C-alpha cells in the first residue's frame, strides 16, 4: 500500500475540514516555527471517486520546551477523535528521535524535543519541516511542513585565529593590505556581518588605514613610512545586524617592509672632453665620485659603464671614487664621439640607480689609406664598343678628415705588355672615370688587367692600389649550325622510318646542332614549328629528341613532316631550321632499313661526335680559364699594407649580363 494515501471507509464532512483549515490559516504570523499540513483525501460516493486536499500551517519559536503544543490536528481536520486510537493516528518520521508526536486520544501535535533551527535548517534560509501523519484504513494522506524561524543566538566567527600581513612602505592610497572574513550561522539580518575598527584603535591609526564594512578589506588610507613606524596592530570588529547585535574582535598585525628610497648620486670632478685617436690604453679621461644617503646594504654602491665603449672604470684608493680610462685603441673613423654613461646602483632588495653621461670627442690623425670599394675590380665590356666613351669608373674612400681624405687617381703604366694595353686607356684623376681610346675585339683580346693607384693629400701621403680586370664580352654573331639531320646535298633534312607497332615514348631521332658562340649566345633550344599531327610527336626543347606521344593507329597517315626550329639565347636570337620526314612502315620493313642505315649512321655520328666534342671542349676551356683568372686575382694575398681585402660588387656587372643570370638562375661563386 502506498504510504502517502490512506483509504477512508466513511464519508468526511468537507465543510468542516476546509472551514477549520481556513480559520486556522488566518492566524498565521511571520515569526516562530510554522508547520504546514497538507491533506489529500479520497471520498467514495456510490460509484464516483473524488479527491480533496488541504494544507495546515503551524508556527512556533525554536528552543521551546519539550511537550509544547503545536496545534490540534484532529480538530482542524474535522476528524472523529474516537476513531484516532483505533486507526492508529500517528506522525511518520524517518529519524530515530522525531521532533514532533501526535496524541492518539485527542489528535494534538506536541514538540517531542528541543528544536534548534541551525541544526534542522543549516543550509536553508527558510526553515520548513515536512511532517507526514498516517491514519490506518483511510481514503487520503496529509503532509506537515514546519517552518523554523531564526533567533539571533550565534555571534560572528572569524575564519582565522590570527591575521598577519606584509606591506611595503610608501604603498599608494587604496592599496588592499589584507581581507578578514567572519561568518554567522544565523539567518537574515541575524546572519549579516559588518566590519569596523575596534574601540581601542586610536585616531592616528584610523587616518592611516580604512576597513571596508561589507568586504572586510583593510586598505591604505595615508602615507606609511618604515622609518617612522614599522609595525601596526589593529583590532577589527565583526558584528551582525540582529536586534541585539552580537560582535567579535580579532587583531590584525601589519608589518611594513623597508624600501630602498634613496638613489646614488654621481659627481664628475675632472674631465678631458677631447683626446686624439692614437691615445694608448689606460689614458685617464675623467674622475668621478659617487654617494648614497641610504645605510647598510641599501647604501652599498656598484658603479659601471653601461654601454659597449672603449672606456672602463677603475677604482681609486678612496672609497666610492673612480677613474674613466681608455681600455683599447681608438679609431676616429669608426666612432668620432662617445657618450659614456656611468651607472651607479645600490645593493638594496629593490635596487635604485642613477646615471651620468659624459661626451668624449676623438680628434683625427692621418692613419687611413684610401680604400677602394672593391679589390680587384672586374668589368665586362661588350666588343665593338664606341671609342672615346666612358667604360667604367673606380672609386676609393678615405675615412680621414679634410686633406687627409682628398684623393687623386692614376693608372700604373709599367712593363712593355702592360704599357701596350694601357696606352689606349685614360683616367680622370678626380672622379676615377676610365675611357677607352679605341674599340675592343673579342677575337683579338678576351681579357686584360691593369692597376690604378689612389693617393690622399695628407702629410705624409698614404696610397693604395687596385687591380682592374677587364673581360671582353662576345656578341651573338653566329647562328646555330644543324649537324643532324643533313642530306647529301647539305641541306638540314632527313628521313626516319618508324615501325607502326612502337609504343608511346619511342625515340624517333635526335636533332643535333651547335653554335660557335659561347655562354648564352651558344645555348640552343629546340622547338616544333610545324608538325602534321601534334598528338603524335613531341620534341624535347633541351636535347632535341623526337619521341612518339602515343601508339600509331590504322587511321594515322604513313608519312609525317616535322619542321624543327633551333635558336640560341642571345639578346638578338639567331636560329636555324631542320626538316625531319617520319615514315610509318611495317615492322619487317623497318628492321631491314635499320640494318642498312646503322652502318652509315655509325660513321656519320662518329664524325659529328668528334666535331661536337672539339667545340664543347674549346668553349669549356675558355670558360674555365676566365673563371680561374678571376678567382686567382680575388684570392691572392696582399703584398703590403696598401693592398686591402677583396670585395665583390654586383654593380660592376653589365645590366644585360645580370639580367641573363637572373633569368636563367645561374649560380656564380666568388672568392670573397
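Quick reminder: no glycine exception, Cβ is built from N, Cα and C everywhere.
As the structure is a computational prediction, the values presented were derived from the model and not from experiment.
Helix, strand and coil content of the domain 'Cadherin' (52-158), in residues and according to DSSP, is 12 helix, 43 strand, 52 coil. Per TrEMBL, the feature domain 'Cadherin' maps to 52-158 (among others).
Across the domain 'Cadherin' (159-266), mean pLDDT in this model comes to 92. As annotated by TrEMBL, domain 'Cadherin' applies to 159-266 (among others).
What TrEMBL records for 267-372 (among others) is domain 'Cadherin'.
According to TrEMBL, the feature domain 'Cadherin' maps to 373-482 (among others). Here the domain 'Cadherin' (373-482) has, by DSSP, the following mix of helix, strand and coil residues: 11 helix, 48 strand, 51 coil.
The domain 'Cadherin' feature in TrEMBL is assigned to 497-596 (among others).
Residues annotated as transmembrane segment in TrEMBL: 608-632.
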What are the DSSP helix/strand/coil residue counts across the domain 'Cadherin' (497-596)?
-> 14 helix, 44 strand, 42 coil
DSSP puts the residues of the domain 'Cadherin' (159-266) at 10 helix, 47 strand, 51 coil
